[in-house]
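Take a look at the structure below.
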Amino acid sequence: MAPLIRNILMTFLCVLLGFVCFSNAQLSANFYGTSCRNLQTIVSNGMRQAVNREPRLGASILRLFFHDCFVNGCDASILLDDTATLTGEKNANPNRNSARGFEVIDTIKTQVEAACPNAVSCADILALAAREGVVLLGGPSWAVPLGRRDARTASQSAANTQIPAPTASLSTLISMFAAKGLNARDMTALSGSHTIGQARCTGFRNRIYNETNIDAQFAATRRATCPASGGDANLAPLDIQTPSRFDNNYYQNLVARRGLLHSDQELFNGGSQDALVRSYSTNGVAFRNDFAAAMVKMGNISPLIGTNGEIRRNCRAIN
């Protein structure tokens, strides 16, 4: 079958059956090899300056990429500001008062535009920045497939329903990731992104006050800065051991019942992922390899390619 006909048939089937379609064939790590040779250096330098200033930004940018990809694919829709005619995703429940790092992407985009005008999408900048944040905090690297274009729309409703909540059960996590073409192993590996970053008290209050599958001393420590009422915005590290180091301590915490979020501890609570969590807790190399592979897979969720979408000049607004 000719490649063109095969691609047309695959696209038709994806639309017809509602599948999440991956686009490895159309994305390429060398997409900007001639149009923006210094792209990776510009993004790397921009992220290094940001993370040196505030290490948490590595986690913040990684989270932006995850929340972008889970809503209609990796299309930079999360970066769009609300306007009179467009309701963005920044004020959706999973993002309001917690999504951050937008100014880092703005700065990098300005530098990229100066070097390569109208060439590089905000979606690709976010994908590269997410990787760089991980690398700068000691995590693995991977070749980022590029060639995504930017959405002209956003969906607050999809952001409210398709991004897993910190209260999610294991079965819900598995099904929500499966809906994006990611299997249970991908989900457990990607959850390891919680080896860096912080969470707001409102996201883990019920866990530290009402749940029983939690280390008592850990719960007491967290209650000290997260009162039973009030203090919703008070922060705590997702990884109590090395909150600014990308490593496998997150999984060690889960085995010790020190997962901060309910959805974290669900990965090690007598269910299907216990063995994998225990494996990652003792084998950091396996975790790093699986995490990198799952990041590539997530980055390939339903990208806009070819003439779809646009190359935004300003990541916060459609052209």
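Backbone N, Cα and C atoms are what each Cβ position is placed from, and that goes for glycine too.
Automatic, uncurated: that is what TrEMBL annotation is.
A quick note: this is a predicted structure, and the numbers were derived from the prediction, not measured.
What TrEMBL lists as signal peptide is 1-25.
Feature annotation from TrEMBL assigns domain 'Plant heme peroxidase family profile' to 26-319. Across the domain 'Plant heme peroxidase family profile' (26-319), the prediction's mean pLDDT works out to 98.
Around Cys116 (disulfide bond), a 10 Å sphere centred on its CB holds 16 further CB atoms from the protein chains shown. Among the features that TrEMBL reports, disulfide bond is placed at Cys36-Cys116 (among others).
Annotation comment: TrEMBL describes Arg63 as site 'Transition state stabilizer'. Sequence-distant neighbours of Arg63 (site 'Transition state stabilizer') (same chain, six or more apart, CB under 8 Å from its CB) are Ala99, Gly101, Ser193, Gly197, listed in sequence order.
Marked as active site, proton acceptor by TrEMBL: His67. Around His67 (active site, proton acceptor), a 10 Å sphere centred on its CB holds 21 further CB atoms from the protein chains shown.
Annotated Ca(2+) 1 binding site per TrEMBL: Asp68, Val71, Gly73, Asp75, Ser77, Glu89, in sequence order.
In sequence order, Lys180, Met298, Gly299, Ile301 make up the list of same-chain residues 6 or more apart from Cys69 (disulfide bond) whose Cβ falls under 8 Å from its Cβ. The disulfide bond annotation in TrEMBL covers Cys69-Cys74 (among others).
Feature annotation from TrEMBL assigns disulfide bond to Cys122-Cys315 (among others).
Marked as heme b binding site by TrEMBL: His194. Packing around His194 (heme b binding site) is summarised by its Cβ count: 27 other Cβ atoms lie within 10 angstroms of its Cβ, all protein chains included.
Taking a C-beta cut-off of under 8 Å and a sequence gap of six or more, Thr195 (Ca(2+) 2 binding site) has these contacts in its own chain: Gly139, Leu238, Asp239, Thr242, Arg245, Phe246, Asp247, Asn248, Asn249, Tyr250. If you look up TrEMBL, you'll see Thr195, Asp239, Thr242, Asp247 marked as Ca(2+) 2 binding site.
Summarising the annotation, TrEMBL assigns disulfide bond to Cys201-Cys226 (among others).
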*Rounded distance in angstrom between the Cα atoms of Cys122 (disulfide bond) and His194 (heme b binding site)*: 24
*Inter-residue Cα distance where the pair is Cys116 (disulfide bond) and Asp68 (Ca(2+) 1 binding site), in Å*: 24
_Extra residues within 8 Å (Cβ to Cβ centroid of Asp68, Val71, Gly73, Asp75, Ser77, Glu89), Ca(2+) 1_ = His67, Cys69, Phe70, Asn72, Cys74, Ala76, Ile78, Ala151, Ala154, Ser155, Ala158, Ala159
*asked:* Give me the long-range Cβ neighbours of Ser77 (Ca(2+) 1 binding site): same chain, 6+ apart, Cβ under 8 Å, in sequence order.
replied: Asp68, Val71, Gly88, Glu89, Ala151, Thr153, Ala154, Ser155
*Which of the listed binding-site residues (Asp68, Asp75, Asp239, Asp247) has the least company, meaning the fewest other Cβ atoms within 10 Å of its Cβ?*
Asp247
